[in-house]
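To start, the structure under review is shown below, and the notes come after it.
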Amino acid sequence: MAKVRVYELAKEFGVESKVVMAKLQELGEFVRSASSTIEAPVVRKLTDALQGPGGNAGKSAAKPGAPRKAAPAKPAAPSPAAAARPAAPKPGAPAPKPAEAPSSTPAAPSAPSAGPRPGPKPAPKAAPVTPVPAAEFSAPAPAQPAAPQPQAPRPAGATPGPRPTPARPAPAGGQRDGGRDGGQRDGGRGGERGGDRPARPAGQGAPRPGGARPAGPRPGNNPFTSGGSTGMARPSAPRPGGAPRPGGGQERPGAPRPQGSGPGGAPRPQGGQGQGGARPTPGGMPRPQAPRPGGGPAGNRPNPGMMPQRPAAGPRPGPGGGGRGPGGGGRPGAGGGGRPGGGGFAGRPGGGGGGGFAGRPAGPGGGGGAGRPGGGGGFGGRPGFGGRPGGPGGRGGTQGAFGRPGGPARRGRKSKRQRRQEYEAMQAPSVGGVMLPRGNGQAVRLSRGASLTDFAEKINANPASLVAVMMNLGEMVTATQSVSDETLRLLAEEMNYVLEIVSPEEEDRELLESFDIEFGEDEGGEEALVSRPPVVTVMGHVDHGKTRLLDAIRKTNVVAGEAGGITQHIGAYQVSSEVNGEDRKITFIDTPGHEAFTAMRARGAKSTDIAILVVAANDGVMPQTIEALNHAKAAEVPIVVAVNKIDVEGADPTKVRGQLTEFGLVAEEYGGDTMFVDISAKQGLNIEALLEAVVLTADASLDLRANPEQDAQGIAIESHLDRGRGAVSTVLVQRGTLRIGDTVVVGDAYGRVRAMLDDNGQNVQEAGPSTPVLVLGLTNVPGAGDNLLVVDEDRTARQIAEKRAARERNANFARKGVRFSLENLDEALKAGLVQELNLIIKGDASGSVEALESSLLQLDVGEEVDIRILHRGVGAVTESDINLATGSDAIVIGFNVRAAGRAEQMAEREGVDVRYYSVIYQAIEEIEAALKGLLKPEYEEVELGTAEIREIFRSSKLGNIAGVLVRSGEVKRNTKARLLRDGKVIAENLNISGLRRFKDDVTEIREGFEGGINLGNFNDIKIDDVIATYEMREKPRG
């Protein structure tokens, strides 16, 4: 047997697919959709369930006298007209019995019946009902499926009189009693309240008077009809023969039902074997049926195998209809339409208040499945209509179906944690309506150039909230943009956090620790350490003879090759000197003395063991002398003072010793511990004594040992881009031994060592501790002062270099430019107050480029002009630099480099300004002048002269003419003037349009002369007024 799909079975049974799916779920078979297939055993089980006592869907086609016609009603139909009608009866034929009205009264307003009543007694109805004459059936209606009709309520305790038992149509969908409310089954409310239900009188299914239904429109569940009823409600008067009323009349509030398991709780009379009332199907779907004999069986009796998966519960507390089990008024899981107390699957007009398959135990008038009045909560509950007796319309739910308790949702007590969280949320800081976490002084560590997203991750906040806060604080920042340290600190203070910016050294240490690399410590024990040469840095003021001293020591002439006679790079050299009969090696590092090279001097002091402070005997202590002294003290290195130029006229070494005493350097002859040596680098005097002092200081106060067997570590002294060699770097090996072929990482550059050169230009195979070498093979030019590391793999070197580059890039982004607030940005742009000078810097060495960039960024010529360095690099000016300058209107600065190849021709063709410098202070002075040229000119008022009005002449052509005597200065034509009267300004910004002396037009009148002045259209002048003339002259800046 082929597999059958769910929708095919639904079509065969004449029901909707969701009804079959719900029944399958009740049977424990779960399907995904209506297109799912099911196995043959499941089909048989479903067929037995639907044709058995649980519902007779699909059997109506086999009934005689009724054509099979599937007419499933949509759940959202607002009227019972969607329900099928019975086959057209002939006059005198038994009419189908309408279903009883849904119960909408609470569960216990009327007393339950103690047992079966022998004879039903007629009870007075609340309002008379006009019987419908049979003559109204003028034409038979087309055959339609029978639909259960809600029956009007009857008072509890009153039983209907006996009725004849003609054949009547079976209830929709094969509905039969016995499975609902009371009856012979226990576990439901009816069984608890009244024991076994009495048999229904045979006259229950009697036809209406006249034997035919009215031919008019069938009463529908119109939610907009008056009187709180959804059908065509009629007064509840007794009808002849006790025939049931048609229509969906709804019970009045508090009106008890006559019998059965509704809210009244009294058992209903039973007629023979055929049970009265429509029995619900699993979906509450009607189906066509033929009239059935009154005493005939109403279908298979229910059996325990048709019970739901969970035992039916007892009466549920609260209003919910008189049904059993989780379904409220209907059968558990199968609340069919038609019987009182149960809502249908699709919300057919069912019993009052009870829940269907997933109906919530609702109060009187609870929301039905399709929003029908009085219906219980259906499978797909629709909002009930308002205005029903017993309270406003509710909404169907699923509380009764899956084990959740019914009744209104209760608000549980909040835990201490919830209450504390709510309290903390109320106390949290708020900026501009944005709630922020409370820091309570907690420390947050962030790296340089961190973004708001990084900050939000640290404090478990939403980055969008931080962006909104920054907008309220007047800063335009995106979530992923690098933010300056000051901005982050401002934001942290708003939330009561303590922000800690990680230093570059700490960042680098954490980065290396992530790769299990330690920098700055010797490996091995004491036995692995060997002595190494001392590293000596020569520091001092510019032109005090530092490089000349090194030339004297090395017996070379470096000074002759330096531009401007000043050192602009760090040079590293190693010399051998005989001290006390022993050959000792000393490594010297020459640092610049110009003020622009502060960073170079700081790096030289950090990478050294001993500092030689060179002071000219004729100049004494100078600003850079003090700065170099402070660098050495900060690096905690011993200092040897070399008093140079003792052979120059006016030299006074004693004065130098006295000046340095003020800064904590006390000579040994004055009782201190600092060695002073008087030398002459030019004459070569006392050079050996200076080297001896250096060696003695190193031996006395320093432990100069290192492990040569470990991986090399060092520092980059200087780097540049060589035309034939590529990126090269002068490095000082501090520990370990550097060999050719080692994988190294220097700052954000990495590579393999292809070659090494010493300070004399000779190739070397390895370099031990305290040895300066020139390294070739790096991917790019590293920065001066970057650490050198030897790693095991190229991949590790690349990862370290890339992370360092990204970190530095973020830090640069955070430092770039001047940010404007939301309030003043628009005005600044409109007024043209923001002027930028774009620069591209190219130099011969990384240290020189760094020094030039630092000096230019420190230029301050006002807030109106800003320097923006678009690019900096080492090497010649290339075509890409010219292209960048063309697109951004930038100036290219070449420091000790020239334009290469076609770059110079391209610069001339594109009109790019390329400036070349060899001395750093020349570049700084010219850039400062260019910045001042970008400033808006400032004007000042200059008084030219004053004239007193002695006479007034009137002219019909020119107006009033003032006859004046010039008191001071001179009065010129077409200059600005103001009119003073009794020392007060009467008129401003006047123009001297005419100037005459007697009858001649003149351009100026000097002091002491008379003349005539015409002030244009201004005629309000009087005798003794003073005319003061002035002009606006441009004021020089800076």
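Each Cβ is built from the backbone N, Cα and C atoms, and glycine gets one as well.
A helical conformation is recorded for Lys546 (GTP binding site) in the three-state DSSP classification. Annotation comment: Swiss-Prot describes 540-547, 590-594, 644-647 as GTP binding site.
Look at Swiss-Prot and you will find 58-87 (among others) tagged as compositional bias 'Low complexity'.
The feature compositional bias 'Pro residues' is assigned by Swiss-Prot to 88-99 (among others).
Residues or ranges marked as compositional bias 'Low complexity' by Swiss-Prot: 100-114 (among others).
The compositional bias 'Pro residues' annotation in Swiss-Prot covers 115-125 (among others).
According to Swiss-Prot, the feature compositional bias 'Low complexity' maps to 126-141 (among others).
Residues annotated as compositional bias 'Pro residues' in Swiss-Prot: 142-153 (among others).
Annotation source Swiss-Prot lists compositional bias 'Basic and acidic residues' at 177-199.
Residues annotated as compositional bias 'Low complexity' in Swiss-Prot: 200-219 (among others).
The compositional bias 'Gly residues' annotation in Swiss-Prot covers 261-277 (among others).
Positions annotated as compositional bias 'Low complexity' by Swiss-Prot: 299-315 (among others).
Positions annotated as compositional bias 'Gly residues' by Swiss-Prot: 319-406 (among others).
Swiss-Prot lists 410-419 with the feature compositional bias 'Basic residues'. Broken down with DSSP, the compositional bias 'Basic residues' (410-419) shows 4 helix, 0 strand, 6 coil.
Per Swiss-Prot, the feature domain 'tr-type G' maps to 531-703.
Feature annotation from Swiss-Prot assigns region 'Disordered' to 48-426.
Annotated region 'G1' per Swiss-Prot: 540-547, in sequence order, evidence recorded as similarity to another entry.
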- Averaging the pLDDT values of the region 'G3' (590-593) gives 62
- Using DSSP, would you call Ile646 (GTP binding site) helix, strand or coil? coil
- Message: Using a 10 Å radius around its CB, how many other CB atoms surround Lys546 (GTP binding site)?
- Response: 29
